[in-house]
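Here TrEMBL flags Cys95, Cys99, His183 as Cu cation binding site. Annotation comment: TrEMBL describes Cys95-Cys99 as disulfide bond. Summarising the annotation, TrEMBL assigns domain 'Thioredoxin' to 57-220. According to TrEMBL, the feature signal peptide maps to 1-26.
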Amino acid sequence: MSNRNKFSLKYGVAAAAFALATSAFYGCSNSASEKELPIYGEREPVERTVNGETVVDTLYHQIPDFAFVDQDSQRVTQETVDGKVYVTDFFFTTCPTICPKMKSQMLRVYEAYKDNPQVMLLSHSIDPTHDTVAVLHDYAERLGIESDKWHLVTGDKDSIYDIAMKYLVPAQEDGGAEGGFTHGGHFILVDGNRHIRGIYDGTKAESVDQLIQDIPLLLNDKKDEKK
């Protein structure tokens with residue numbers, strides 16, 4: 001089994017567990033003001049020297065630098081989302097299975113926050129050979145979305161699959177699957193420091209309801225940081 005296949009199996013299960021754990025966490029909270037979103041992903045030990053002694057710090061999992069191109073041929077990098085709250089997912093335009101449901105649910109998020117400049121959406125095509133800039137542009141026009149709010153990106157296939165792993169989302173080519181690809185249907189909520197703060201089922205309205213309710217928690221965190 002390849003590393004990517006092992007990842008898909010491992011994190012397909014893990015993402016579902018995270019979603020359940022998050023739901024349980026919310027169930028213990030009495031009000032929105034009491035909620036604090038967790039930070040997902042394995043922590044990484046980093047050594048540094050303090051007063052001549054080696055100290056080991058533990059850093060939270062962080063989305064690495066990236067570079068893709070969106071539906072308007074604009075370069076999209078980590079700087080595009082720097083300091084913003086964003087929701088990301090993985091799809092392909094010819095997907096015959098879960099993508100239509102994901103699309104309708106992501107449109108709900110778009111409509112809820114289209115007038116808030118601190119919130120962005122970022123969707124990665126896992127079929128970059130077919131999903132060229134022109135194809136994504138046409139797809140975006142049919143959705144009726146603004147590219148500065150919702151970026152549909154394409155790029156190097158390996159780079160897209162690698163970044164999917166960092167988002168804890170399985171994505172890969174699969175000749176036995178409908179459409180030739182398999183991918184998780186999760187929406188990933190990321191804060192301004194590129195930490196994963198929520199994992200939601202992008203095919204279910206109730207899960208996306210929770211996502212829409214959780215975004216203000218991160219926006220409030222940003223306000224508190226500025227005080």
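Note that the numbers count up from 1, one per residue, in the order the chain is shown.
Backbone N, Cα and C atoms are what each Cβ position is placed from, and that goes for glycine too.
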Secondary structure at His183 (Cu cation binding site), reduced by DSSP to three states:
strand
Could you name the residues, excluding Cys95, Cys99, His183, of the same chain that surround the Cu cation site, i.e. Cβ within 8 Å of the Cβ centre of those residues, in sequence order?
Phe90, Phe91, Phe92, Thr97, Ile98, Met102, Ile126, Gly179, Phe181, Gly185
In sequence order, what residues of the same chain, 6+ apart, have a Cβ less than 8 Å from the Cβ of Cys95 (Cu cation binding site)?
Gly179, Phe181
Determine the minimum-neighbour residue: among Cys99, His183, listed as binding-site residues, which Cβ has the fewest other Cβ atoms within 10 angstroms?
Cys99
